[in-house]
Amino acid sequence: MYTTGLIGKNINYSESPEIHNNYYKKNNIPFFYKIFNLKQDQIDDFIKNLHKNNIKGFNVTIPYKETILQYLNDIVYPADKIGAVNTVAVQEDKLIGYNTDYIGFIKSLQYYNIQVKNFKCLIIGSGGSAKCIYYALKELNARDICIVSRNPEKARLKFEKKVKILNIKDENKLDRYDLIVNCTPIGGPNLKEQKPIELKEIKKNCVVYDLNYTPKRSKLLKEAKENGAFIINGEKMLIFQAYSAIGLWCLNGIKGGR
């Protein structure tokens, strides 16, 4: 039996174990998935003991999607371009990093039949998830992509020079956007009572996507729904990226895993 899992901080809320273990059982895959709640100073030991603990692969979530890069021997496109990794395959002599969030986000839009070509898009946040969503929207030919961040100067170091980056306090013309994506943990399980931004005036039929999936409908999504938006949480993205990760961990891939 091989071990797989999720590393992050304060992540006991994650639905990943249920998704993965159900899939393993259904497809007779000899894997088990568990949570690894790690502090920053525990990552070194976790990496050193991967083979000892029979770990075949692992996912990475907040706040370590960029931190993990220093431990990898190879980073596969588009993770290398994004500069963030959420899936690691453990081979005999090396660790390989991937970004299956990228795939999961694109597949979730396809699931809801949302075509973002020519959309004006707003990304809330500037961390690893935000970079992933930015490159996915570029791949899908979104017309215009703007980033809002609490620290725009720091954010500018992470994105292409041509990207428009604003202080989140200064962006109040939300009716210009066709798609708004929250890539922060604000509104998620550890910050349920907060919203990353006020949605007082948004375009009718605007798509508001919150990558958080717990609670199912965050305060941001509730407000968006009240204002006529089509709302999406991160559950489908989580599922699609999980299947992609499983495919990478299995030697020859598995049915439905890619």
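Positions of Cβ are set from backbone N, Cα and C atoms, glycine also.
Now, the feature entries from Swiss-Prot:
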| type | residues | note |
| --- | --- | --- |
| ACT_SITE | K65 | active site, proton acceptor |
| BINDING | S14, E15, S16, T61, N86, D101, Y213 | shikimate binding site |
| BINDING | G125, S126, G127, G128, S129, L211, G234 | NADP(+) binding site |
* **Residues flanking the shikimate site, with Cβ no more than 8 Å from the Cβ centroid of S14, E15, S16, T61, N86, D101, Y213 and excluding those residues themselves** => L6, I11, N59, G234, L238, Q241, A242
* **Under 8 Å by Cβ from S14 (shikimate binding site), same chain, sequence gap 6 or more** => L6, G8, I35, T61
* Asked: Listed recorded positions are S16, K65, N86; which of them have CA atoms within 10 A of the CA of G128 (NADP(+) binding site)?
  -> K65, N86
* **K65 (active site, proton acceptor) as reference: those binding-site residues from E15, S16, S126, G127, Y213 with C-alpha within 10 Å of it** => G127
* **Within 10 angstroms of N86 (shikimate binding site), Cα basis - binding-site residues out of S126, S129, L211, G234** => S129
* Asked: What three-state secondary structure does DSSP assign to D101 (shikimate binding site)?
  -> helix
* Write down the Cα-Cα distance for L211 (NADP(+) binding site) and D101 (shikimate binding site), rounded and given in Å. => 10
* Structure fact -> Among the binding-site residues E15, D101, the one whose Cβ has the most other Cβ atoms within 10 Å is D101
* Go through the binding-site residues G125, S126, G234 and tell me which ones have a CA within 10 A of the CA of Y213 (shikimate binding site). => G234
